[in-house]
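Per TrEMBL, the features are as follows:
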COMPBIAS  1-37  compositional bias 'Basic and acidic residues'
REGION    1-96  region 'Disordered'
COMPBIAS  41-73  compositional bias 'Polar residues'
BINDING   SER156, ASP157, ASP158, ASP402, ASP404, SER405  Mg(2+) binding site
Amino acid sequence: MEDSTEKEQPKEEGTLTDDDKKLLDKTTENTSEESKEAPTPASSETNPETSSDGATAKTKSNDGTTEEGQQSPLPVADDGDPKSKETLSSDQGQPPIDSKIKFKACMLLAGVGDALGYKNGAYEFCRNGPAINREVDEELGGVKNIKVNTKNWMVSDDTVMHIATAEALVSKWADDEALYTTLATKYIKCMKDMSGRAPGNTCRAATSMLRPHIRKGYVIPFNSRGGGCGAAMRAVPIGLLYNRPDQLNDLVAISIESGRMTHNHPTGYLGALAVALFVSYAYQGKPLKEWGVGLLQTLEVAWKYIEDSGNDVKDNQDHWSYFKESWEKYVDIRGIRDGKSDPVFPTPFGPQERDRFYSSISFSGWGGSSGHDAPMIAYDALLGCGNSWKELCSRAMFHGGDSDSTGIIAAACWGAMRGFEDVPECNYKNLEYRDRLEKLSKQLLEKYTSKD
Ligand SMILES: [Mg+2]
């Protein structure tokens, strides 16, 4: 929806203005409702490319290529849990990271990324990344000293819906219809746990339309304004459960259907697809520089699914191109269209420059608030952070855009890729809903291994 806060451009770097202080002090109650609604792009006449063999997995298998952000020997962080027998190597020269740790880190760090980017609403709705970074470094002692807890760093709507997705996936369901019905039921139910968590209007309105007690009651009308990031922010568990290349068709179908239960617009639900795909890539150890082109190739599979499913095909076609073209532009900017070249970043590329860049790739100036740019900013942060959790947080959680949604995506990918490497225990030790997230990680792994 048209909302004035979305059109506001990030402020220039400098000292905290009065407005910034108000934003940093603001509680969530007054800020939540209007701000998630990134308006969707105007339709384009450009038709998506269709694929004659769209059901075939388009992802490349890991070829062992080293990648700057993934190449250091990884001291596998084990936070005390006994390791399961299954281990999966990232195949990039690192020691294999136990699958149980990767599942656990992915689910937990998702909540951490959300909580850090949210800061009880103060950071999500602050447009000044340099000011946030200064507060973290100079007043809070750096991210290494941030004790994430329910009182000061509660999780936001992103984690609540992330949990809802995971709960549906680990429940017993016999077919797709049963799974989608359960997802709809969970999304409705989780709306009761949104006090102080800044849920988006699109999710609230859409969940009120879901009718899981009737057949196909999880289908809502096409929404030409449904391009926000609310579908993307909750798709992590889908990529974790369907993380193998041969599971791509399931990943595509479930991410699209779960996404369009609230965001029935390509820019919205393709964000869910991008996040699920990136989490699967992270788990596989796929080199980061291949992710962008992998997503673009997977869009062909997604379009085939949309055509075959038969829902709102013409509307989807009319609105398809914005997501695709935005990603084509992005991979060109970073010089990674070939999936082989190392990414190119400008110098300098500090908090101020990043705010400007994130704003420039957004729909309306609020970087990360749409389905296309929430995974894009998270990906950009992963590409640029090297081996540093601190740098990842600075880029993905502490910026002037929709920082909790970019945070949950980036941190989940970090966990799926690296476990708890370089993450201080205080960041997750007292995380709200830690027990639920840990339990779900175990149930997801159990379901994943039982499917083999
Ligand atoms: Mg949120």
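Glycine too: its Cβ is placed from the backbone N, Cα and C atoms.
Unlike curated entries, TrEMBL annotations are predicted automatically.
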Neighbourhood of ligand 1 - binding-site residues from SER156, ASP157, ASP158, ASP402, ASP404 with Cβ under 6 Å: SER156, ASP157, ASP158, ASP404
Which listed residue (ASP157, ASP158, ASP402, ASP404) has most other Cβ within 10 Å, given these are binding-site residues: ASP158
Those residues of the chain, 6+ apart, with a Cβ under 8 Å from that of SER405 (Mg(2+) binding site): ASP114, GLY117, ASP158, CYS229, ALA232, MET233, GLY368, SER369, ALA374
For SER156 (Mg(2+) binding site), the number of other Cβ atoms found within 10 Å of its own Cβ: 29
